[in-house]
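Chemist: Dumping the structure here so I can ask a few things about it.
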Ligand SMILES: *[C@@H]1O[C@H](CO)[C@@H](O)[C@H](O)[C@H]1NC(C)=O
């Protein structure tokens, strides 16, 4: 994929540069996650989820009850199995914030959550990125509900661009 990205960049399309930036973040997440445990969510899918939820802004801290580039709550992190950054302890004060504001640990949290709650939310016969995006936003039990417009729109645009890239090989 790296050389595909470079060819796209050389093409100089502004629209695609956004995608390249998003997938670069996604690939960084995945690269990190690779050394650790794998999960059901592809790196491109992680990229589109964080794109939809925060524009994949890695410097985001906490606002209200959500933190980091995936905007993760304490309950989501706990349901995901309380992953921690290296040397940390899940029961230590601040372990949640330290994890979900760190892109790799945040991605592991999404993987842990989807390992537990992944299912076919829209009834199309497969568990795919659309389902993970709905579960991320609506939770494991509410994922058949309606997604808010902005989230869905950003997610669908990202997915479309990823598919064009994949199809244009
Ligand atoms: C990312 O989030 C930080 C902290 O909220 C903000 O200052 C910055 O402008 C954001 N970056 C982008 C590219 O939106």
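Residue numbering: from 1, along the chain as shown.
Cβ coordinates come from backbone N, Cα and C, glycine included.
Where the annotation comes from TrEMBL, it is an automatic prediction and has not been curated.
What TrEMBL shows for this protein is this:
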type     : residues : note
SIGNAL   : 1-35     : signal peptide
DISULFID : 45-129   : disulfide bond
DISULFID : 50-56    : disulfide bond
DISULFID : 62-67    : disulfide bond
DISULFID : 99-105   : disulfide bond
Chemist: Of 45, 50, which of the disulfide-bonded residues has the most Cβ neighbours inside 10 Å?
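Modeler: Going through 45, 50 one by one, the largest Cβ count within 10 Å is at 50.
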Chemist: Measure from the CA atom of residue 45 (disulfide bond) to the CA atom of residue 99 (disulfide bond) and give the result in Å, rounded to a whole number.
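Modeler: Cα to Cα, residue 99 (disulfide bond) and residue 45 (disulfide bond) are separated by 20 Å.
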Chemist: Give the helix, strand or coil assignment DSSP yields for residue 62 (disulfide bond).
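Modeler: Reduced to three states, the DSSP call for residue 62 (disulfide bond) is strand.
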Chemist: Once the chains shown are all counted, how many other Cβ atoms turn up within 10 Å of the Cβ of residue 129 (disulfide bond)?
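Modeler: A 10 Å sphere around the Cβ of residue 129 (disulfide bond) contains 19 other Cβ atoms.
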Chemist: Work through the disulfide-bonded residues one by one (56, 62, 67, 99, 105) and point out the residue whose CB has the fewest other CB atoms within 10 angstroms.
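Modeler: Among the disulfide-bonded residues 56, 62, 67, 99, 105, the sparsest Cβ neighbourhood within 10 Å belongs to 62.
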Chemist: Can you give me the Cα-Cα distance between residue 105 (disulfide bond) and residue 67 (disulfide bond) in Å, rounded to a whole number?
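Modeler: Here the two Cα atoms lie 12 Å apart.
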Chemist: Closest to residue 45 (disulfide bond): which of the disulfide-bonded residues 56, 62, 67, going by Cα position?
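Modeler: The answer is 56.
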Chemist: Spatially, which candidate from the disulfide-bonded residues 62, 67, 129 is nearest to residue 56 (disulfide bond), comparing Cα atoms?
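Modeler: Nearest listed residue in space: 67.
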